[in-house]
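Summarising the annotation, TrEMBL assigns Ca(2+) 1 binding site to Gly25, Gly27, Glu67. The feature Ca(2+) 2 binding site is assigned by TrEMBL to Ile253, Gly257, Glu297. Among the features that TrEMBL reports, Ca(2+) 3 binding site is placed at Thr298.
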Amino acid sequence: MATVSAPKQVSVKEDAEALRKACQGWGTDEKAIIAVLGRRNAAQRRQIRHVYEEIYQEDLIKRLESELSGHFEKAVYRWILDPPDRDALLANVELKKSGNKHHVIVEISCTKNPEELLAIRRAYHARYKRSLEEEVAYHTKGYTRRLLVALVSAFRYYGEEINTTLAKSEAKKLHEAIKDKKFGNEDVIRILSTRSIAQLQATFNCYREQEGTSITKNLPKDSSDEYIAVLRMAVRCLKDPKKYFEKVLRRSIEGIGTDEDALTRVIVTRAERDLKEIKELYHKRNNVPLDKAVDKETSGDYKDMLLTLLGNEV
């Protein structure tokens, strides 16, 4: 369930006026910006942008970019974009980074339904005049390229029907590939990139029944091999996305320094989907509420924005 609870009826004209007022004068009223945008859903935010531009003849996103800064600006910018456009942006930013871990490509490929992934690919094409597939292929190599291009190009069946015989057969194929350390096996990439989520869940369950342990436990941990790290990430995302995102949040907060990019990415991209369940899982696994952890590790308007998206009154 979502953590953002948007009112069913809003006056987008009043919201646009409030945002205009927040950006005028000597200082920016960040709290007013959070109060409006942090409590509106994607459709309402889109309407606000359109009405704002109609009334004031300027792009709201560009205006906010010029008024805000730092991690707060990044969080607001990512939040106000349409979800497919946001994911396209996140993918492009990641692909341009040297030594990137491919988190965004795996997340959008393995946690979106087929229509959502197609919308992201279209948004990327419109925004950057290149296809997401060719960009992924250009910035990767070897087995990593083969897996990521296959994942991002997928259009999976999204129903609940499963083939138990197929699940047993493909669980065995996955086990044999892992046992023989043939992680780049053609069957491994084909199964992970073409089967429906329901079919993959059945296959992973069969794997556990056949081998007495989960597939993630049998994949090498802390590998310096880029492909194995990406493969493990993809399996975790496909197997249990909520557990995957809880771990991303935990790692972004624990230790010395906060990984604001990862923290912002998960909260912004999951706030309208399943962040409530991710919060509950975080609390259960870490014995501290996610809200409290975010409050401790962040500050200022950035903190208030994240806490608002987490469902808090600030």
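Each Cβ is built from the backbone N, Cα and C atoms, and glycine gets one as well.
Where TrEMBL records a feature, it is marked here on the structure.
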residue : record                : CB count, 10 Å
Gly25   : Ca(2+) 1 binding site : 8
Gly27   : Ca(2+) 1 binding site : 9
Glu67   : Ca(2+) 1 binding site : 18
Ile253  : Ca(2+) 2 binding site : 21
Gly257  : Ca(2+) 2 binding site : 9
Glu297  : Ca(2+) 2 binding site : 17
Thr298  : Ca(2+) 3 binding site : 22
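Ranking the binding-site residues Ile253, Gly257, Glu297, Thr298 by the distance of their Cα atoms from the Cα of Gly25 (Ca(2+) 1 binding site) places Thr298 first. If you take the Cα of Gly27 (Ca(2+) 1 binding site) and the Cα of Thr298 (Ca(2+) 3 binding site), they are about 22 angstrom apart, rounded to a whole number. What surrounds the Ca(2+) 2 site, by Cβ distance within 8 Å of the Cβ centroid and not counting Ile253, Gly257, Glu297, is the set Ser252, Glu254, Gly255, Thr258, Asp259, Leu263, Thr298 from the same chain. A Cβ within 8 Å of the Cβ centre of Gly25, Gly27, Glu67, the residues given for Ca(2+) 1, is found for these other residues of the same chain: Ala22, Cys23, Gln24, Trp26, Thr28, Asp29. With Glu67 (Ca(2+) 1 binding site) as the anchor, the candidate binding-site residues are Gly257, Glu297, Thr298, and the one with the nearest CA is Thr298. For the pair formed by Ile253 (Ca(2+) 2 binding site) and Thr298 (Ca(2+) 3 binding site), distance between Cα atoms is given as 9 Å, rounded to the nearest Å. The two recorded residues, Gly257 (Ca(2+) 2 binding site) and the residue listed as 'Ca(2+) 3 binding site', have Cα atoms 10 Å apart.
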